[in-house]
């Protein structure tokens, strides 16, 4: 190519007649990026037998055998088995077409656009964990709290930019439609399974468990606000979990990622709604009596260090959704003339502008209003009901609760989609055909009620959230830096090499310290293990 892939202003090439062999002559649109899967599939057509002609024309050689009975040659001649030939063989293997992409929910539909990208990114990038940001400020104080929140936002936005531009590889013509595909390609299947599989699956499945807990408990609270006299025979917490799960399962029957764009839009609107309502109401009610902004100090030095690490972890956990960025971008059409990273980045810029508008007022306004009195569990949401349940209109409290429930149900869909995709890929690999609609409904219902079982059976899972969060932190802050270096191979000690290497090493060190802090908290405070007793 004479131009970079991100230039989209050039006019498409018009094919012209050319003198070709009598077999065939076809004109092709700008070449589409292929999408590899975790399992390789044979070539679907005779693309390997085509030769480029003049001005975009493609000359197809006559096959020696009929196309219907040809079998692609999997072995290469001995002359390729050299140090120079190995990359060629790897490229030939990775650029094969994959039929499964048209059968799986993430890549089944590729008519997405920048608006869909903004909806999905905003719905997955902001959630109830943002309401705990003022808790980090109680340990860090005003200055360090604002500094670290700003640095964390810039860091995760940079790694997000890396992922968006790593989605498609211009040199090999590949599209990495899933986070694990890109991780496996850059680091190998063995390292990807050891370091990437658990945190990525936890960020999907574990988030769905947390959403059922949040959605179910807030549904109960909403019911009590709307109908305070309807308490003669109230539903239990487990029953409210089940009500929320049924609603989430019904929504999960939408077939693919593009089909839930409207659901993500509703989730994004409600997320902005409850974040704004909570911090505006808290600031409007004024500071609580006796509020102090002096950072909380533990008795021992080691407890202080781990307290600071825990506060940094709270800030890091407020930024989520990086494990879904490649999947969201996979729903867009892409070609060399019109790469998908252009509309994707436009959607990301809009969504993260709105995320910043929500996060910073929440952290700063919430800390100003409650100071060290803010509850450690629940954050701003718990503080609003604990301190202002009698001062604030019940309609505002009810609307806030309703927004949280709707957002949880909508976020469940986008976080569950990678799990649906992984489950259905096992069927398509084995049966070589798409999943029937009835089996898709059964599998998604089983996933939803399986997550419900974990939410009820392991209510103490939040006690080890810091430990598990330290393990999953590299997905957002570390792996994109190392994957960019593996693919683009910048010159050693160049600015981009130094930046990515420094951020990657710093992120791994931070992750290690956070894991140690999580273990310390578990050992020091203990865990109240109560199976099947949610609060």
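Numbering starts at 1 and runs along the chain as displayed.
Glycine too: its Cβ is placed from the backbone N, Cα and C atoms.
Residues 191-214 are the range that TrEMBL records as transmembrane segment, among 71-94, 191-214. In this chain, the transmembrane segment (238-254) lies in contact with the transmembrane segment (396-416); the count of Cβ pairs under 8 Å, excluding pairs fewer than 6 apart in sequence, is at least 3. By the Cβ criterion (under 8 Å, sequence separation of 6 or more), the transmembrane segment (301-319) is not in contact with the transmembrane segment (437-458), since fewer than 3 such pairs are found. With pairs at least 6 apart in sequence, the transmembrane segment (115-137) and the transmembrane segment (143-170) have 3 or more Cβ pairs within the 8 Å limit; the two touch.
Here the transmembrane segment (464-485) has Cβ contacts under 8 Å with residues 155-156, 159-160, 162-163, 166, 179, 182-183, 186-187, 195-196, 198-200, 202-203, 206, 310, 313, 316-317, 319-320, 322-323, 497, 500-501, 503-504, 507-508, 510-515, 517-519, 521-522, 527 of the same chain, all six or more residues outside its ends. Counting same-chain residues at least six beyond the ends of the transmembrane segment (497-523), those with a Cβ under 8 angstroms from any Cβ of the stretch are 155, 158-159, 162, 302, 306, 309-310, 312-313, 316, 463-464, 466-471, 473-474, 477-478, 481-482, 484-485, 490-491. Tallying C-beta pairs under 8 angstroms between the transmembrane segment (115-137) and each of 191-214, 261-281, 350-370, 437-458 places 350-370 first. Among the stretches 191-214, 261-281, 350-370, the one making the largest number of Cβ pairs under 8 Å with the transmembrane segment (437-458) is 191-214.
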